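Take a look at the structure below.
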Amino acid sequence: MTDQAFVTLTTNDAYAKGALVLGSSLKQHRTTRRMVVLTSPQVSDSMRKVLETVFDDVIMVDVLDSGDSAHLTLMKRPELGITLTKLHCWSLTQYSKCVFMDADTLVLSNIDDLFEREELSAAPDPGWPDCFNSGVFVYQPSIETYNQLLHLASEQGSFDGGDQGLLNTYFSGWATTDITKHLPFVYNLSSISIYSYLPAFKAFGKNAKVVHFLGRTKPWNYTYNPQTKSVNCDSQDPTVSHPEFLNLWWDTFTTNVLPLLQHHGLVKDASSYLMMEHVSGALSDLSFGEAPAAPQPSMSSEERKERWEQGQADYMGADSFDNIKRKLDTYLQ
């Protein structure tokens, strides 16, 4: 169907790798809808050419250069830059209905049935289920809605500093108005929630249709061993309690995306890259100049509490399972 589309967004070359894997997984599961990727000016020309081989439409979104009120909103609230870029998906009025998917999602089976849903359909957020998670949602492009969202962003901002807070404020009736707009969790399975509710995952995880790699560490940040076809990761990392999803992401990347990157000169020698015992030595070649994450400054207990309440616990560091267990043990002794 040419009037319906899956839409994603990439704001740099690193997330473009995620978008390419997402697009490849949609194709692998034989979607009949068009595929669109919105890109910011930070995406390189060479990477944009790779995106054009996977997606039907590659659309540059430069909020600073836009002629609409998005530019004025950005001047007023510069912290919402990426959010305003994502909101541009509502301006794609050449399509009657779309499904937006973040670039850190992976499709596990055909999900074209999502187009039977109405705006705004989304799955609950694992951190606060009365809010929906904006990583996967069904929507209807509309210039009127787009302008209203821009106005809301300008006047009120976002309670979480990102698109999810803004969209939950705009579609505030989602929690109680119409249960048919609540997508089953299997359409947006959070990799972190697997760890937090393992029994449910064991019972229902086999039905997962989309996995969402939430958290600071994305699939492309791990190292991968092509000989064992598995990621090299810390067994205590809560986001990899079930690394088969990470392995599946990397399998899709090495099979479908890596050859495209090589063809366009973004990876010089894929064969020697894959012959390495580990990819850690070549990871910089695939990170396109990504700098390693800077060490996080220490925060007060009050700041840490606020981050927990906002669903931003540092599962990879201070709030890891081992650290929490160690703290509890000191109180229980």
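One-based numbering along the chain as shown.
Each Cβ is built from the backbone N, Cα and C atoms, and glycine gets one as well.
For the Mn(2+) site that Swiss-Prot gives as Asp102, Asp104, the extra residue drawn from His29, His182, His212 is His212.
Looking at 236-262, 290-316, the range tied to region 'Disordered' in Swiss-Prot is 290-316. Taking only the Cα positions, the spacing between Leu9 (UDP-alpha-D-glucose binding site) and Ala103 (UDP binding site) is 6 angstrom. In this structure, Lys86 (site 'Important for catalytic activity') is part of a helix by DSSP.
The record assigns Leu9, Thr11, Asn12, Tyr15, Arg77, Asp102, Ala103, Asp104, His212, Gly215, Lys218 to the UDP site; their largest pairwise CA distance measures 28 Å. Mapped onto three states, the DSSP output places Ser134 (UDP-alpha-D-glucose binding site) in strand.
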